[in-house]
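Novice: There's a structure below that I have some questions on.
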Amino acid sequence: MVVIETPSCQAYSRDVRNPFGYRPSLAAGTIFLTLFFLSACTHLFQAIRYRKWWLSLFVLGAGCECLGWIARTAAWKCSYSPALFTMQIAILIFSPAFTTAGIYIILFRMIPLLGKHTSPFPPKLCLLLCLAVDIISLSLQAAGGGLASKSFHEDTDTRPGTYTMVAGILFQLASTISYSILMSIVFVRGFAGIRDSRPLRWLSGAVVLAIVCMVARGVYRSVELLQGWRGFLNTHQVYMIALDGVLMVTAVVALNVCNPEKLLKQAGEEIYLADPLVKESGSEEEIKVGTPESSDIV
């Protein structure tokens, strides 16, 4: 890639190529950084209120999205800054991994409420495998981002770093699709429980919406990077706004509105109140995630 030796904050001109291939939108940047900031703050409040460490994954996800959009907003003024370009691309590529990890935990928490029979595999095994894959994909994306950033600044071949990032995204995408299949099986087998529980209906809807958004975003990002830094998707801002910004803000806000811990707690209490003798029948583990006595569980 050829990097034009231009002052980072020189007045933007269409006649002078910049790293983005366009001038980042100030309006879009301001809107998205505000929405992600508010979402991160809300997730933080909810994590503190319910004292659940796993909710901090959503804080990290929305917070990193906010940082990425701060870089894009600053790039409206400094459109020729390689640092801002690499910062926003690296952060916005790996930040959804945190949100994905949080969504994996939601299913792990729902399975005991719906019954162990709803999952074809042990819930803890599914969770550990999904989180392991998420960590690997995050590592690949971070390593790829670092390699691409170094190559970009040194004006050398960025393909090794780019392909590493793509491998991380595809790895995460495959994991998310596999999770979606497992989720579908659980929801079908546990349909009666979801249908009869308003909290679980809301939570299931939010999870499905978030997963659909993140899978669509993963497909977009994979194609975008495979096309190269000067590819059609990478140099047309509207796709970045619609297929990354809008989709990710929809996912994180859906999980704000349908707070997972609150709904899981309500669903557990419904089951406990409906059949307080269920513990004595040997199904204690299937309700403990949401009952008042279980505040210290994940």
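Including glycine, each Cβ sits where the backbone N, Cα and C put it.
Annotations for this protein, taken from TrEMBL, read as follows:
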- 20-41: transmembrane segment (TRANSMEM)
- 53-71: transmembrane segment (TRANSMEM)
- 83-105: transmembrane segment (TRANSMEM)
- 125-143: transmembrane segment (TRANSMEM)
- 163-188: transmembrane segment (TRANSMEM)
- 200-219: transmembrane segment (TRANSMEM)
- 239-258: transmembrane segment (TRANSMEM)
Novice: Which one of these stretches, 20-41, 53-71, 125-143, 239-258, has the most C-beta pairs shorter than 8 Å to the transmembrane segment (200-219)?
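Specialist: Answer is 239-258, with the largest number of Cβ pairs below 8 Å.
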Novice: Top stretch among 20-41, 53-71, 125-143, 239-258 for CB pairs under 8 A with the transmembrane segment (163-188)?
Specialist: 125-143
Novice: Which residues of the same chain, at least 6 past either end of the transmembrane segment (20-41), have a Cβ under 8 Å from a Cβ in it?
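Specialist: Contacts with the transmembrane segment (20-41): 12, 59, 62-63, 65-66, 69-70, 72-73, 75-76, 79, 85, 230, 234-237, 241, 245, 248-249, 252-253, 256.
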